[in-house]
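**Student:** Below: one structure in structure tokens.
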Amino acid sequence: MITETAPAKINLTLHVTGQRSDGYHLLDSLVVFADIGDQITASPASGLSLRVDGPFAAGLEGDDNLVLQAARFLGPQRKARITLTKNLPVASGIGGGSADAAAALRALSRLWDVPLPQDVAALGADVPACVHGKPLRLQGIGDRISPLPTLPALDILLVNPGVSVSTPAIFKALTQKAHPPMPEVLPDWPDAANFAGWLARQRNDLAAPAMQLAPEIDAVLHRLRASNCLFAGMSGSGATCFALFLPDGYSAKAAQAQIAAETPDWWAAAGKVN
Ligand SMILES: C[C@@](CO)(OP(=O)(O)O)[C@H](O)COP(=O)(O)OP(=O)(O)OC[C@H]1O[C@@H](n2ccc(N)nc2=O)[C@H](O)[C@@H]1O
Ligand SMILES: Nc1ncnc2c1ncn2[C@@H]1O[C@H](COP(=O)(O)OP(=O)(O)O)[C@@H](O)[C@H]1O
């Protein structure tokens, strides 16, 4: 049996710089991954099947699950028994489905001994980034990936107010489509505090429309900013927000425990930035 993790994707910045004639938006985003995620297992079988368990499994066992789409994309007609343990909230701006698709591609390429395809964008705009799986700058509609040098070490806390947010609805609600990109050459951040200070001068252009559709996001950001984090923002199209902490292995977990006690309806998970 082969096991692969599907780490949460976090957009530390998300600049929407334009819109193509097919409606897809041009992005400029700094993306990292966390050691918080879903898990995929794959083993030999006489058919192709998917079982989903875990806290956010509800409603995901359909044929349109991105894991099954990835399996058919990699090996039409091939067979495997796949399980997905769904720990990440669904439709929450941390690319859970895309991360699952990327983990399924990795697991099945090992099981079936076939190479990973070069171009996986047909599975979703975030899938190329999730296949890369390390800090990156994402441009185009998500298809242009530039690896980033090692970032300062950071701990991270992810918090979702229990509201699912539709990515297409947020893009649709975005009124101004052309915002400035990040600087062409990104700085060489010497430490976590300097990196956090730089992030505070960047943007997530989807935050305003997301907050209009899901006002709970504002409460999450306020709560995170009241912790001793270095920086807090919203990931992707929301509603999950992140807070970055010094990598002491303690502060992010302490904030998570406090938030879980105060607002048990919110999902909160602490870990490291990978
Ligand atoms: C916004 C981002 C930022 O990383 O993340 P999430 O909030 O989904 O996590 C991604 O671009 C989401 O990627 P992904 O969720 O794979 O998107 P897709 O399934 O390909 O597209 C869903 C819908 O989002 C819109 N879309 C997506 C990507 C893009 N560059 N422009 C768009 O306009 C389109 O309306 C599209 O039909
Ligand atoms: N394995 C999967 N995990 C989560 N969502 C999935 C999966 N497969 C298909 N989906 C569908 O994809 C949509 C987007 O989910 P998700 O990838 O979690 O969003 P986001 O990228 O905003 O975090 C959901 O509405 C869900 O129905």
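Just so it is clear, glycine is given a Cβ too, placed from its N, Cα and C backbone atoms.
As listed in TrEMBL for this protein:
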type     : residues                                                                    : note
ACT_SITE : LYS9                                                                        : active site
ACT_SITE : ASP126                                                                      : active site
BINDING  : PRO89, VAL90, ALA91, SER92, GLY93, ILE94, GLY95, GLY96, GLY97, SER98, ALA99 : ATP binding site
DOMAIN   : 65-134                                                                      : domain 'GHMP kinase N-terminal'
DOMAIN   : 192-260                                                                     : domain 'GHMP kinase C-terminal'
**Student:** Summarise the domain 'GHMP kinase C-terminal' (192-260) as counts of helix, strand and coil residues per DSSP.
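**Tutor:** Each residue of the domain 'GHMP kinase C-terminal' (192-260) counted once, the result is 35 helix, 10 strand, 24 coil.
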**Student:** Tally every other Cβ atom lying within 10 Å of the Cβ atom of GLY97 (ATP binding site).
**Tutor:** 26
**Student:** Please report the number of other Cβ atoms within 10 Å of the Cβ of GLY93 (ATP binding site).
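**Tutor:** The answer is 30.
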**Student:** What's the CA to CA span in angstrom from GLY95 (ATP binding site) over to LYS9 (active site)?
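**Tutor:** For GLY95 (ATP binding site) versus LYS9 (active site), the Cα atoms are 6 Å apart.
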**Student:** Determine, for the ATP site, the additional residues of the same chain whose CB lies within 8 Å of the mean position of the CB atoms of PRO89, VAL90, ALA91, SER92, GLY93, ILE94, GLY95, GLY96, GLY97, SER98, ALA99; present them in sequence order.
**Tutor:** ALA8, LYS9, LEU88, GLY236, THR240
**Student:** Do you know the DSSP helix, strand and coil residue counts for the domain 'GHMP kinase N-terminal' (65-134)?
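**Tutor:** Per-class counts: 35 helix, 6 strand, 29 coil.
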**Student:** Take the C-alpha atoms of GLY93 (ATP binding site) and LYS9 (active site) and report the distance between them in angstrom, rounded.
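**Tutor:** It is 8 Å, counting Cα to Cα.
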**Student:** Cα-Cα separation of PRO89 (ATP binding site) and LYS9 (active site), in Å?
**Tutor:** 12
